[in-house]
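Novice: Below is a structure I'd like to ask you about.
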Amino acid sequence: MEISEKAPAKLNFSLDTPFRHQNGEPEWKMVMIAVDLADYVHIQTLPNSHKITVSTDSGFLPSDQRNLAYQAAKMLRDKYQINEGVAITIDKNIPVAAGMGGGSSDAAAVLRGLNKLWQLGLSRKELAEIGLKIDSDVPFCIYSEPALVTGKGEIVTPIGPLPPLKIIIAKPRDSVSTPSILRKINYDKIKHQDVDAVVCAIKSQDYATMVTKMGNTLESITAERHPEILKIKEKMLQFGCDAAQMSGSGPTVFGVCQKASRAQHIYNSLRGFCKEVYIVSPYNLDQQTCF
Ligand code: ATP
């Protein structure tokens, strides 16, 4: 049996960390959204095998147990004692180690897909709890709809659709290691974000307030090592974005505006400064299972 799942990239419209847990992990308070830049994850169950295989069209990715999609299949199989192999093929479109949660989204797609193929009947909340053991972004990726995300990433509260908008994404050449940025957070110095104000603005479809309240606490930490982030952000604002900021731990920068024609103008102008630029829309949840 087989299924194909769309695995959309995520962006952080607001990202804050109120404190660090005793085990060193950050407590998160974030507004996350999914966009229609997506990987495609094809999952096939193999009744006469016990192997889990992952193949991708990206030369950069591990295809063994270091791949988050592999970990997802193994975790679900072990937990429910399923005696089958799984073959996973990933068509990779989301830039790797970019702050867009590509690996987490692939893992979430495997959990969703196998939940259907093995008829486990698990709720999104149950899948999110399993996914948290893989990465803090996996629970959100199970939902892939605008949400307030708290705890270590496992408390996902949908907040309804975004006001109409277009998003321009620019991926600088550098890759960023998330753990190395998280280790650098100094809780006495960081500038906190008004995450609740962004939630409120989205719930009331108040685009103007939303763009003034967006922000990312990790941006200044990553930008110290990757100053290109601030340059791209400045260009986005100069070319007409209403807000621009880094996503996750970076280095991807995104900006928002309301009109498609303006987004196209910003896209064209940015292409001179950054090779990898995309125009995207918020993700449409109805298109999650492809066929
Ligand atoms: P994070 O969720 O940690 O912020 P990110 O969005 O910045 O991550 P990813 O593209 O998820 O970045 O990659 C992070 C790391 O995970 C990379 O080192 C990559 O090799 C590894 N990885 C494992 N499996 C995958 C996968 N299926 N897709 C992308 N990266 C993967």
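From the backbone N, Cα and C atoms, a Cβ is placed for every residue, glycine too.
Heads up, here are the entries from TrEMBL:
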ACT_SITE  Lys10  active site
DOMAIN    67-144  domain 'GHMP kinase N-terminal'
BINDING   Pro95, Val96, Ala97, Ala98, Gly99, Met100, Gly101, Gly102, Gly103, Ser104, Ser105  ATP binding site
ACT_SITE  Asp137  active site
DOMAIN    202-275  domain 'GHMP kinase C-terminal'
Novice: Among Lys10, Ala97, Gly101, Ser105, please name the recorded positions whose Cβ is nearer than 6 Å to ligand 1.
Specialist: Ala97, Gly101
Novice: Indicate whether Lys10 (active site) is helix, strand or coil by DSSP.
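Specialist: Going by the DSSP assignment, Lys10 (active site) falls within a strand, counted as strand.
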Novice: What does the structure give for the C-alpha distance between Gly103 (ATP binding site) and Asp137 (active site)? Integer Å is fine.
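Specialist: Cα of Gly103 (ATP binding site) to Cα of Asp137 (active site) measures 9 Å after rounding.
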Novice: Which ones in the same chain are close to Ser105 (ATP binding site), with CB under 8 Å and 6+ residues apart in sequence?
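Specialist: Spatial neighbours, sequence-distant, of Ser105 (ATP binding site): Ala7, Pro8, Ala9, Lys10, Ala34, Ala38, Asp39, Ile94, Asp137, Cys141, Ser144.
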Novice: Could you please provide the mean pLDDT value for the domain 'GHMP kinase N-terminal' (67-144)?
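Specialist: 97, rounded to a whole number.
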Novice: Within its own chain, what residues at least 6 apart in sequence put their Cβ under 8 Å from the Cβ of Ala97 (ATP binding site), listed in sequence order?
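Specialist: Within the chain, Ala97 (ATP binding site) has Cβ neighbours under 8 Å at Ser175, Val176, Ser177, Thr178.
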Novice: Whose Cβ, among the binding-site residues Pro95, Gly99, has more other Cβ atoms within 10 Å than any of the rest?
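Specialist: Result for the most crowded candidate: Gly99.
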Novice: How many of the residues that make up the domain 'GHMP kinase N-terminal' (67-144) does DSSP mark as helix, as strand and as coil?
Specialist: 43 helix, 7 strand, 28 coil
Novice: Relative to the mean position of the Cβ atoms of Pro95, Val96, Ala97, Ala98, Gly99, Met100, Gly101, Gly102, Gly103, Ser104, Ser105, the recorded ATP site, which additional same-chain residues have Cβ within 8 Å?
Specialist: Ala9, Ile94, Gly248
Novice: Return the count of C-beta atoms lying within 10 angstroms of the C-beta of Asp137 (active site), excluding that atom itself.
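Specialist: Cβ-Cβ neighbours of Asp137 (active site) within 10 Å number 28.
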